[in-house]
């Protein structure tokens, strides 16, 4: 528990998490200054409306004398290692994120989950399953409401926290009852620079955790070993060595352990081999929580309907299967989606593009060249993506509207059209949800 000793605090970033952090600090009766390097941040009016005793500095972080403060609360979207925050690092002031402040306040058990892909689905599925089993659970972190807002409500029995690399970078006090890294694939390398650094940040989730859940198929499991200090280790993956395995059998995934098959793809709503691995990870986490894997667990998982914009079937009446995977914001996620639908009847047509965030596209290109019939590419990095691909497969377009129009002309009944951008949406959209909704509307999925 953080005491209410008077502190001078600077909150960096006037987004949603910054708004929540400012409110938290003011409830502590701390002296708060909020700073944004934009002259007109979108939520400026919200800050002014909600808070009277607030100092606001706009336009540059260089205007801040960090030595005057006891604490910096930094928004996850800001890179603490950037040049413009050099003075912050030189000052020696403590720098934390909202997750760190939250963890210092709560005594409720925590399940912490990270990974390049699948973490929202696993967190949501786990929360759904636990609540169906009668365990009052709240899912938060990189999903849902800002965590500090949750300190104002009745505490649940358990928190499930989805944690991004940006959030883990400023979190040091995490002591999860169960911690899980789902997978590691190139993402956010425009910020983290190297895969080794990115993976090390992800694996820091295991520091001081009681039970570690690892994917035995991941190469970094052999490079980073801090999970070995946990009291207990449970594994999942495709390998025979995994405690919980997801394998393809008779054209569907099956999740099993040494005693046999627990659940099949035909039992659940979430399709694709990547979701088989998500279910295997979820079951491993449940085991880590000392929950018996019985028919109640299977029924709870089977009742889960999935999240929007994640391999979501968009209804249409043209005989074409349209799949919205706008959440595929990096190459690894796009590869998983392509592989899940590459064995479909008819051709697989892909829509991709956006901000590639400096990621290596070579592995994605190899999968597209092998398994995709044609691809429409739009967005900031469309030329970079196209240069990696077989030219005959590619058509460059200006926007998603043109991509859907082109694909609709070329696709035939029985084909599958997959929106799996492999890129962030920020070059053209507010977020991946806005991109996915635009796609749904273009296909004809309004009000569905």
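Positions of Cβ are set from backbone N, Cα and C atoms, glycine also.
According to TrEMBL, the protein has these features:
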DOMAIN    113-285  domain 'Mur ligase central'
BINDING   115, 116, 117, 118, 119, 120, 121  ATP binding site
DOMAIN    309-423  domain 'Mur ligase C-terminal'
Cβ neighbours within the same chain of residue 121 (ATP binding site) - under 8 Å, at least six residues apart: 270, 275, 278, 306, 307, 310
Packing count at residue 119 (ATP binding site) (other Cβ atoms within 10 Å of its Cβ): 24
Counts by DSSP class (helix H/G/I, strand E/B, coil) across the domain 'Mur ligase C-terminal' (309-423): 41 helix, 26 strand, 48 coil
Lowest local Cβ density (other Cβ within 10 Å) among binding-site residues: 116, 117, 120: 120
Protein Cβ atoms within 10 Å of residue 118 (ATP binding site), excluding its own: 24
In three-state DSSP terms, the structure that residue 118 (ATP binding site) belongs to: coil
For residue 115 (ATP binding site): intrachain residues, at least 6 apart, with Cβ closer than 8 Å: 122, 180, 181, 182, 183, 184, 202
Mean predicted confidence [pLDDT] for the domain 'Mur ligase central' (113-285): 93
Output field, ATP shell: CB within 8 Å of site CB centroid, site 115, 116, 117, 118, 119, 120, 121 dropped: 122, 182, 183, 278, 333
